[in-house]
Amino acid sequence: RLFWGWFLVLGGSVSMVMFLYAAVISKLVGSSSSSGNSVIQALQNDWYYCFLVPLTIPILTAAVYFHWLSMKLFKHA
């Protein structure tokens with residue numbers, strides 16, 4: 001159990017660092033310091049992940065509200 005706990009924490013941390021690099025850091029570095037790696041250049045030219053999280057927040061808010069509303073309706077029915 002201890003192994004799987006640390007494995008999941010480490011996996012989540014690595015995923016977060018990779019997301020931060022794809023969404024923020026690769027845009028701040030700029031194309032002048034590209035290393036010739038096609039994956040890094042593709043991440044620098046991609047704007048999908050920069051807009052993914054901010055545009056997900058309104059949908060998450062609506063989903064939480066409708067979940068709360070359905071639980072209230074079920075409780076008082």
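Each residue, glycine too, has its Cβ placed from N, Cα and C.
Features as listed in TrEMBL:
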type: TRANSMEM; residues: 6-26; note: transmembrane segment
type: TRANSMEM; residues: 47-68; note: transmembrane segment
Taking a Cβ cut-off under 8 Å, which residues six or more beyond the ends of the transmembrane segment (47-68) line up next to it in the same chain? 19, 22-24, 27
Any residues 6+ beyond the ends of the transmembrane segment (6-26) with a Cβ under 8 Å from its own? 40, 43-44, 46, 49-50, 52-53
